[in-house]
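**Q** Have a look at the structure that comes next, please.
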Amino acid sequence: MKQFSAKYALILLATAGQALAASTQGISEDLYNRLVEMATISQAAYADLCNIPSTIIKGEKIYNAQTDINGWILRDDTSKEIITVFRGTGSDTNLQLDTNYTLTPFDTLPQCNDCEVHGGYYIGWISVQDQVESLVKQQASQYPDYALTVTGHSLGASMAALTAAQLSATYDNVRLYTFGEPRSGNQAFASYMNDAFQVSSPETTQYFRVTHSNDGIPNLPPADEGYAHGGVEYWSVDPYSAQNTFVCTGDEVQCCEAQGGQGVNDAHTTYFGMTSGACTW
């Protein structure tokens, strides 16, 4: 599988014309470490949260047998946050959700005007909505000064996006970190997320959409089927580092999506050197 180096990325962006103005190379070490921490949790979700950071307390499991949606409620008393994480695709049942591209009204969030979301992931969301909202409410009531963080990889990333959208209608302090996220909804949904999560600037955003090299999943479902991405994109190229992370705030096809990757490839399963469920970090 072809890997994209930082040098190659710079050459590519240098030829991207106007898109280059909306892409900058390098992020702070603090932000980079934060992205790696959330990626660790998201990748560990494939293996029952193996090797998660020592400060994190594992809480209640989220699960629905019909959709095979898996997740957990976690807590970190050091960073003062309640974390909801969703596992990515782990079964044929999940794959059926992945391939249901029918855009569906986001009826559980009427504030999201004209919003339509990925049909399969919406089925996944409504299958666990009651569990998620109940468990988050319990934790938020017990720890009212804690931030709410939602994260996940692949299918788990889109589940995280729908969950964060729903929680943002009730709570003010919701943050979203996704890794290899498919397009989760239409332009109205992307616009709602951008407004709700202050995506107008990397300095204010609370929606960190992390991509890697030529990961093919962010190119799905196709934009010409009515789908769009939200969030500020943080594009990691190899060798991964804070300096080799690009901040992409313009056209969504300028960074990862411009590499032409399609579907599950090496760049999708591995983020910051961590492979989904491998637990070798």
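Cβ atoms here come from the backbone N, Cα and C positions, even for glycine.
In case it helps, Swiss-Prot gives these features for our protein:
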- SER154: active site, nucleophile (ACT_SITE)
- ASP215: active site, charge relay system (ACT_SITE)
- HIS268: active site, charge relay system (ACT_SITE)
- ASP98, TYR101, HIS268: substrate binding site (BINDING)
- CYS50-CYS279: disulfide bond (DISULFID)
- CYS112-CYS115: disulfide bond (DISULFID)
- CYS248-CYS255: disulfide bond (DISULFID)
- ASN100: N-linked glycosylation site (CARBOHYD)
- 1-21: signal peptide (SIGNAL)
**Q** Specify the secondary structure state of ASP98 (substrate binding site) as given by DSSP, simplified to three classes.
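**A** In three-state terms, ASP98 (substrate binding site) counts as helix.
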**Q** Rounded to a whole angstrom, what is the largest C-alpha distance between any two of the residues ASP98, TYR101, HIS268 that the record assigns to substrate?
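**A** Max span of the substrate binding residues, Cα based, is 19 Å.
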**Q** Sequence gap of 6 or more, Cβ distance under 8 Å: name the residues on the same chain that satisfy this around ASP215 (active site, charge relay system), in order along the sequence.
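**A** Set apart from ASP215 (active site, charge relay system) by at least 6 residues yet with Cβ under 8 Å, we have GLY180, CYS256, GLY261, ASN265, ALA267, HIS268.
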**Q** Within 10 Å of each Cβ, count the other Cβ atoms, then let me know which of the recorded positions ASN100, SER154 comes out lowest.
**A** ASN100
**Q** According to DSSP, folded down to helix, strand and coil, what is HIS268 (active site, charge relay system)?
**A** helix
**Q** CA-CA, which of the recorded positions ASP98, TYR101, SER154 lies nearest CYS279 (disulfide bond)?
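**A** For CYS279 (disulfide bond), the closest Cα among ASP98, TYR101, SER154 is found at SER154.
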**Q** Please report the three-state DSSP label of CYS248 (disulfide bond).
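**A** Assignment for CYS248 (disulfide bond) reads strand.
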**Q** To the nearest whole angstrom, what is the C-alpha distance linking TYR101 (substrate binding site) and CYS255 (disulfide bond)?
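**A** A Cα-Cα distance of 23 Å.
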**Q** Could you give the Cα-Cα distance between CYS112 (disulfide bond) and CYS248 (disulfide bond), in whole Å?
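**A** If we compare the Cα positions of CYS112 (disulfide bond) and CYS248 (disulfide bond), the gap is 25 Å.
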